[in-house]
Amino acid sequence: MEKNRTTTFSVYLTIILFLISTFITMVITESNIIRVPEFQCPNGYRKDANGKCREVFHG
């Protein structure tokens, strides 16, 4: 009976360590961010909060 409990505990411990290592690997490799080059707005336009070029009105 005692050997069965030890085996079950070892299996659970192995699974937990595998899940933790998988999670750590996912967190470390998730930081690959692709940066898109930004373009400039034409004269008389400015970028709004969404990044779209909007015409500037002088009043």
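Think of each number as a place in line: the chain as shown, counted from 1.
Cβ atoms here come from the backbone N, Cα and C positions, even for glycine.
If you look up Swiss-Prot, you'll see 1-27 marked as signal peptide, on the strength of sequence analysis.
Contacts of HIS58 (histidine amide) defined by a Cβ separation under 8 A and a same-chain sequence distance of 6+ are given as none. Look at Swiss-Prot and you will find HIS58 tagged as histidine amide, backed by experimental evidence.
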HIS58 (histidine amide) - helix vs strand vs coil (DSSP): coil
